[in-house]
């Protein structure tokens with residue numbers, strides 16, 4: 001589920017939502033500078049580097065510099081080596097034993113680190129190979145032949161809702177509603193054309209590019225990172241199609257500058273990605289960083305997005321903390337971390353319920369006669385599985401009797417989604433443990449809701465409501481949600497969230 005393809009978000013609106021949608025679009029346009037928008041500074045950087053390289057390659061008409069005078073020969077190298085004799089003889093047995101123990105400790109530490117790295121790469125490689133192998137399907141197929149077209153459209157609308165609600169900064173939101181809550185009277189005037197810097201962790205095939213193009217506050221730079229190399233190639237092709245007019249660009253100004261790179265965003269530090277390094281990433285984010293860095297430091301990005309991906313980070317505490325170091329390190333103060341992931345409340349309730357049923361069967365000694373309920377498959381005592389014809393969740397190992405996952409890391413299950421995910425390992429993200437962990441990285445929870453509650457709250461919004469009709473989520477005439485009951489059950493497995501960097 002790391003990559004959902006967009007529906008026709010930029011298509012013409014209609015029906016009862018057209019006038020309100022147009023008014024909001026006009027309001028957003030009034031907040032932007034009129035006239036030609038200058039290109040992104042990051043796009044100009046590429047052009048400047050090309051020009052500088054060209055200038056460096058031009059032939060010069062200057063006279064050659066005179067040769068430097070010859071230097072006196074250096075003394076013989078052997079003469080420079082001075083070693084006090086007898087040093088080794090004075091090393092006592094205790095010192096030799098100490099050195100031997102230290103060497104053994106270093107070797108043991110290196111072996112343990114190599115083992116952890118190998119284990120981490122094992123799951124990462126499985127996920128990467130899976131998404132590299134997912135076929136690229138066209139929009140027409142998704143709209144007509146897909147078995148989960150309602151779920152695809154709904155998931156895309158949820159992500160669009162997050163971007164619409166939480167990607168703008170406080171200054172932009174305050175100006176859009178005509179207040180000055182963003183500053184006191186002594187503050188300088190606002191930047192009329194301030195644009196967002198966004199990094200997308202697990203960008204997949206670039207399915208959210210169109211959503212960012214339609215963000216209320218314009219995007220200046222989009223950085224897409226994903227461990228799957230094939231997905232990065234396809235994301236770059238999708239973006240190039242938008243640049244040349246072959247892809248959906250909507251009607252909201254010029255296309256932002258975008259850069260893509262293959263990267264394990266949870267197992268590795270992002271500071272070695274050139275564009276991330278250029279925008280700014282704080283290497284001291286989180287526990288262990290300096291007091292001044294935690295108070296005043298930060299990265300250069302306004303938004304970090306992670307759609308359907310953070311569950312891969314909960315393989316271990318080390319990976320979860322590396323993920324949060326990357327998120328907090330990239331964000332400036334006031335920046336937003338938004339995304340979607342499996343809802344641990346749903347998982348915990350299912351696990352507790354099925355463990356209780358298993359215990360009842362054991363007590364009654366009628367396990368052979370018991371019939372599984374709809375959507376449940378029971379092959380042995382330890383395996384817990386549920387789902388329907390389009391999705392399936394399966395725990396092969398032991399699970400907590402009460403459904404409370406302690407410790408919060410390493411609870412692996414396999415997940416299947418028709419046409420999207422083929423039985424790959426994922427990990428439970430126990431929400432309260434995750435929220436507590438984010439506090440170590442100066443991230444404060446602002447929003448968290450299950451997918452179906454997001455729909456209930458936002459379906460009548462003056463902009464998001466008409467957007468749901470344009471995206472094929474709701475029937476224009478009846479207002480009905482265009483998903484089957486099985487698709488609704490699959491959607492209920494997820495929730496959306498947003499944190500602020502404080």
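Each residue, glycine too, has its Cβ placed from N, Cα and C.
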Inset, instruction - Return the residue out of 220, 226, 282 that Swiss-Prot annotates for the same S-adenosyl-L-methionine site as 159, 202, 264, 307, 308, 309, 312. - result: 226
Inset, instruction - Out of 228-249, 316-337, 338-359, 360-381, let me know the one Swiss-Prot marks region 'Disordered'. - result: 360-381
Inset, instruction - Note the mean pLDDT of the domain 'mRNA cap 0 methyltransferase' (146-502), expressed as a whole number. - result: 90
Legend entry - Pairwise CA distance, residue 226 (S-adenosyl-L-methionine binding site) versus residue 426 (site 'mRNA cap binding'), rounded so that it is a whole Å: 16
Legend entry - Candidates 312, 494: member of the recorded positions with the richest Cβ shell (10 Å): 312
Inset, instruction - Round to the nearest Å and give the CA-to-CA distance linking residue 205 (site 'mRNA cap binding') with residue 238 (site 'mRNA cap binding'). - result: 8
Inset, instruction - Ten-angstrom check, please: count other Cβ atoms within 10 Å of the Cβ of residue 156 (mRNA binding site), all chains counted. - result: 23
